[in-house]
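Summarising the annotation, TrEMBL assigns compositional bias 'Polar residues' to 10-23. Positions annotated as domain 'STAS' by TrEMBL: 571-722. Annotated region 'Disordered' per TrEMBL: 1-23, in sequence order. According to TrEMBL, the transmembrane segment annotation covers 110-134, 140-156, 219-238, 244-268, 275-296, 381-401, 422-444, 456-478, 516-547.
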Amino acid sequence: MSLERKEQNDLSPKNSVEENQQNLSLSDMHLELERGSCTALKQFEASDQSTPYHRIHMEPQEKSTTDFKQFVIKKLHKSCQCSSTRAKNMILGFLPVLQWLPKYDLKKNILGDVMSGLIVGILLVPQSIAYSLLAGQEPIYGLYTSFFASIIYFLLGTSRHISVGIFGILCLMIGEVVDRELLKAGYDTAEGMPSHFGMVSNGSELLNQTLDWMCDRSCYAIAIGSTVTFLAGVYQVAMGFFQVGFVSVYLSDALLSGFVTGASFTILTSQAKYLLGLSLPRSSGVGSLITTWIQIFRNIHKTNLCDLITSLLCLLVLLPTKELNEHFKSKLKAPVPTELIVVVAATLASHFGKLNEKYNTSIAGSIPTGFMPPKAPDWNLIPSLAVDAIAISIIGFAITVSLSEMFAKKHGYTVKANQEMYAIGFCNIIPSFFHCFTTSAALAKTLVKESTGCQTQLSGVVTALVLLLVLLVIAPLFYSLQKSVLGVITIVNLRGALLKFKDLPKMWKVSRMDTVIWFVTMLSSALISTEIGLLTGVCFSMFCVILRTQKPKTSLLGLVEESEIFESMSAYKNLQTKPGIKIFRFVAPLYYINKECFKSALYKKTLNPVLVKAARKKAAKKKIMKETVILSGIQDEVSMQLSLDPLDLHTIVIDCSAIQFLDTAGIHTLKEVRRDYEAIGIQVLLAQCNSSVRDSLACGEYFKEEEENLLFYSVYEAMAFAEYQNQKGVCISNGLSLSSD
């Protein structure tokens with residue numbers, strides 16, 4: 001059925017059969033209208049309907065005007081109400097464990113939770129020890145961190161599957177802060193005491209007195225780590241309280257992926273010295289990756305061959321087994337705990353082979369059992385660490401929330417983003433009093449947890465019990481473990497982030513802009529620093545968003561045959577157009593940044609009214625005839641301008657369906673465009689404006705009340721109106737009266 005006939009069926013005139021026989025049929029009238037018949041137009045005017053097209057009319061909702069004072073009072077009254085029901089809901093909301101634990105299905109869930117908790121706990125033992133080096137801490141503190149995070153998330157978390165604990169990127173950021181503050185305090189990495197105390201003369205009483213109250217390097221390092229962790233947790237809880245989780249939307253998937261990959265290069269660089277057995281201070285600040293490699297190559301001749309051989313052997317074992325675990329994960333009930341096997345084997349080899357005594361290999365050293373007394377963060381360090389904690393807190397909660405939402409969607413349940421921020425915030429605040437550093441969800445361990453049958457948060461308790469066993473009994477057995485083995489474990493776990501390069505061709509095909517964001521964030525995180533890299537990535541991605549709206553896609557639209565659908569003529573073939581009408585689409589908000597782009601694109605694709613006006617003035621000057629008439633002795637000049645040829649274009653319809661909002665500059669631009677086109681006899685119609693755009697146009701006085709009919713709910717309606725108006729004008733100009741007899 002043709003487009004015109006579809007309109008005809010909807011708009012059959014209400015004349016009697018006799019009147020229809022005397023007059024043209026409706027279908028004939030439409031055909032005659034297309035041929036330019038004024039008789040058909042006259043019969044439409046004479047019929048009950050005033051126009052040969054259907055006009056949609058919608059009545060807007062009345063907006064309730066609420067006094068701001070009353071609104072605030074109402075909100076405060078609602079927030080300050082206290083009842084037993086409200087108190088119960090608040091407690092259950094803050095402690096989700098009280099909701100799901102009483103309903104726990106023991107037969108259905110216990111096996112999967114126990115299995116996944118055991119596997120993740122076994123994997124966490126070597127990783128916690130390895131990542132402690134990355135954070136600039138002693139191995140025992142990494143075990144503390146993983147233990148407390150597992151317990152607290154069990155109580156406060158809403159995700160059933162994510163594994164919260166040590167995360168390599170955050171350990172790197174903590175380590176950079178720790179090294180910087182240690183350097184400020186004058187600690188020498190070789191001696192473990194402030195360098196200015198080391199310069200005191202032999203036998204000095206001042207040094208002996210200082211030893212009683214002064215922290216050694218390890219003590220001061222964990223004080224720094226726990227303080228920045230406390231601050232990060234406070235920021236995360238504050239973001240949850242003020243419900244500012246929207247901050248994470250500025251960290252796109254491409255940005256986070258690029259940041260993690262870039263930071264992975266920094267982690268790899270920081271661990272390379274352990275693989276070679278080199279004793280080098282950690283480089284920090286801008287360009288630390290490059291300066292670290294320069295130091296490594298300058299000291300390459302000092303490589304400890306025993307550490308190097310151990311590293312190569314561990315790599316030869318871990319890399320293939322990681323690949324096999326990944327390849328056969330669908331067939332394996334649980335991944336092979338290769339890391340733990342390597343750690344045990346390496347520890348036994350180092351202990352019985354006396355590698356430290358014979359070859360001077362670097363070892364983990366004494367790891368105490370039990371728990372140290374709780375200690376408050378160092379409040380004096382807060383001013384110097386407050387800014388560092390911001391980036392750490394944002395990365396931590398962004399990764400945690402995104403992972404929890406991803407796995408919740410996959411398994412068909414919901415998580416509360418604000419509660420997740422509370423959970424990860426308290427996973428940092430409370431452990432900071434127990435010698436811990438920052439934690440978050442980690443993708444690799446979460447995938448292991450999910451694949452081994454995890455059903456609920458109870459698996460976190462099983463993981464904590466495994467770590468507790470290590471802390472109370474097994475930890476001292478790792479005394480002879482070489483640091484090169486821990487470095488290899490850390491590097492091998494970067495495999496997933498480094499393999500992101502394989503996804504770049506696919507990402508390039510999907511979105512070139514996202515690929516550029518990925519590269520910029522990755523390079524800046526690796527070559528400059530992690531914090532500056534994150535900030536650079538956020539700023540660049542926001543710039544890309546602005547750039548997309550600054551030069552958006554524009555197109556002329558054509559009508560799809562036998563429908564009322566309009567599509568881009570540059571994208572599709574065989575689209576129909578109506579003579580004298582051009583339909584323009586602008587795919588972006590219209591605001592101060594892209595207003596000039598809107599005008600130039602519109603003028604380029606339709607007609608430039610400024611050039612037409614200039615051409616008319618130029619033509620008018622050539623065609624003006626001047627005559628001198630003398631009346632009553634007074635000389636007058638009479639100018640007579642010849643008529644110019646009319647334009648073929650009579651209407652421009654702007655499809656506003658993709659314009660989300662207007663600002664004052666956008667409204668002014670639309671006014672200017674309309675004024676310029678009307679000056680050369682072309683009307684401008686707006687179609688498919690959303691309610692926000694309509695309100696902006698009304699407030700900006702784009703049209704008068706009687707001109708509101710220039711806004712249309714569909715492009716097809718606007719086109720039909722333009723055809724009708726044009727034909728009506730042609731008939732009137734030809735001298736045909738349209739009033740009924």
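Every residue, even glycine, has its Cβ placed from backbone N, Cα and C.
When Cβ-Cβ distances below 8 Å are used as the criterion, the transmembrane segment (381-401) is approached by residues 162, 164, 167, 169-170, 173-174, 177, 181, 184, 223-224, 227-228, 231-236, 239, 245, 247-248, 251, 256, 259, 417, 420-421, 423-425, 428, 438-443, 530-531, 534-535 of the same chain, each at least six residues removed from its ends. Remote same-chain partners of the transmembrane segment (110-134), defined as residues 6 or more beyond its termini with a Cβ less than 8 Å from a stretch Cβ, comprise 140-143, 145-146, 163, 165-166, 168, 171-172, 175, 267, 270-271, 274, 333-335, 337, 339-340, 342-343, 364, 367, 445, 448-450, 452-456, 458-467, 470, 478, 481, 483, 486-487, 489-490, 493. Here the transmembrane segment (140-156) has long-range neighbours at 94-97, 124-125, 128-132, 164-166, 222, 225, 367-368, 371, 419, 422-424, 426-427, 430-431, 434-437, 439, 457-458, 460-461, 463-464, 467-468, 470-471, 475, meaning same-chain residues at least 6 beyond its ends whose C-beta is under 8 angstroms from one of its own. Sequence-distant neighbours of the transmembrane segment (422-444) (same chain, 6+ residues past either end, Cβ-Cβ under 8 Å): 94, 135, 137, 141, 144-146, 148-149, 152-153, 156-159, 162-168, 170-171, 173-174, 222, 225-230, 232-240, 371-372, 374-377, 392-393, 395-397, 399-400, 403-404, 493, 496.
Averaged over the domain 'STAS' (571-722), the predicted model reaches a pLDDT of 78.
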